[in-house]
Amino acid sequence: MNRFLLLLYFSFAFLLSGVDGSTPAQVNNLISTLLQGYDKRTRPVTDQDKAVKVDISFYLSIVNDIDEVAEKFVTTGWLHLSWTDQNLVWDSTTNNIYSIHLNQNDIWKPDIVLKNGFTKFKEMGGSFYYVSVDSSGYVSWYPYEVFETRCSIDITHFPYDKQTCKIVFIVWSYSVNQVEIEKSPNGVEYYEFEENSVWTILDTESIVNKDKYESEIIFKIELQRKPKYFVMNIILPVLCLSLLSLLVFLIPVDAGEKMGYSITVFLSFAVFLSIISAELPVNSESTSTLSFYLVLQMGVGTLVLVISAIQLRLHHRKTTADMSQIFRKMVKLDRCLRCKSGCCLSKKVQVRAIEKNEIEEQEIHTDDDIEWTDVTSAIDFFGFWLFFIFNIVVTSYLFISIISS
């Protein structure tokens with residue numbers, strides 16, 4: 001970084017005031033001499049059988065955005081490209097000129113393009129960019145851009161997901177035997193970097209791929225989402241809703257609010273599912289675990305709604321209606337689990353002696369004293385505990401798998 005800052009400082013100093021001992025006329029004469037007969041269509045090597053080696057490094061200023069829906073990665077930064085132009089060499093001792101600046105369109109430059117750009121396909125730089133050239137022919141070029149690239153988003157562990165996005169540059173017109181890309185030892189550097197409010201950079205890497213047709217350089221940026229916003233606004237409300245959905249079994253059937261409460265909780269899950277779907281890309285390659293959890297809770301809500309409807313139907317049955325043995329066994333098991341007296345007795349009488357030798361018949365529970373209200377109460381009891389255990393197990397498993405990833 002210090003080397004880059006020094007180079008940038010001296011480059012601007014030369015651009016503004018030349019070098020000690022040189023005059024504007026001498027600089028103009030040198031530029032005219034160098035560009036006289038210069039053909040930017042020809043690669044700047046004496047032996048045209050040799051490749052021009054271009055060193056590339058990337059300086060990242062800010063990660064602007066990751067659009068999960070459009071799968072677009074937006075960054076701001078610039079490239080540092082350097083190569084040796086053998087047609088731009090001069091003796092610096094004769095005029096004390098060690099560096100000059102030339103418009104990028106006046107000399108040969110590699111036609112570097114953004115390979116995985118999101119929008120239009122265009123070359124780097126512009127007519128207002130200048131390159132720095134020293135007396136040995138070493139050329140430095142710093143094209144600055146807002147890069148919009150495609151990035152495949154894996155939403156499985158949203159909002160604790162990690163994404164790896166790539167910025168790929170390629171030499172478009174020349175083969176690897178003509179222009180060869182080499183990565184700078186620094187790879188991806190940070191300069192006046194600004195943190196993103198949603199994403200944190202975990203790691204960066206630069207890779208050069210070469211084959212007989214082309215050479216390209218890939219800058220990989222691994223990012224992790226900051227989940228605080230989504231935890232506070234989505235996950236915690238969803239967890240609260242999953243617990244509130246159990247309260248439907250604590251509402252008496254004859255209260256009249258059982259069905260309305262079930263429908264309200266069901267619609268709440270549907271609203272949160274629509275909110276999350278709007279934040280995620282539309283693809284079938286990966287599914288958010290959180291979306292799967294919400295769909296599962298909607299399924300549970302549907303089942304609870306059906307059970308509530310059945311309870312209402314049973315509650316208003318006539319007492320003379322025949323009762324299935326399943327319901328009778330359910331009620332008896334409910335009484336036993338709630339530790340009601342005499343719950344395990346069938347057609348048995350318990351008596352106790354008291355003073356005056358009177359015999360009082362203790363409460364007797366027989367198959368004949370089971371009413372439909374007892375059935376709905378038993379359904380509430382078993383429904384609450386079964387769905388409570390199910391919610392705890394499923395919620396713990398899903399969220400532990402998300403966070404541990």
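Placement of Cβ uses the backbone N, Cα and C atoms for every residue, glycine included.
Those TrEMBL annotations? Automatic predictions, nothing curated.
Under the heading domain 'Neurotransmitter-gated ion-channel ligand-binding', TrEMBL lists 29-227. The annotation domain 'Neurotransmitter-gated ion-channel transmembrane' is assigned in TrEMBL to 234-330. Annotation source TrEMBL lists signal peptide at 1-21. The transmembrane segment annotation in TrEMBL covers 229-253, 260-278, 290-310, 382-403.
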State the residues, same chain only, that lie 6 or more residues beyond the ends of the transmembrane segment (290-310) and have a CB under 8 A from a CB inside it; answer 'none' if no residue qualifies. 158-159, 234-235, 238, 241-242, 245, 248, 258-259, 262-263, 265-266, 269-270, 272-273, 276-277, 280, 379, 383, 387, 390-391, 394-395, 398, 402
Report the mean pLDDT of the predicted model across the domain 'Neurotransmitter-gated ion-channel ligand-binding' (29-227), rounded to a whole number. 91
Taking DSSP H, G, I as helix and E, B as strand, the domain 'Neurotransmitter-gated ion-channel transmembrane' (234-330) contains 75 helix, 0 strand, 22 coil
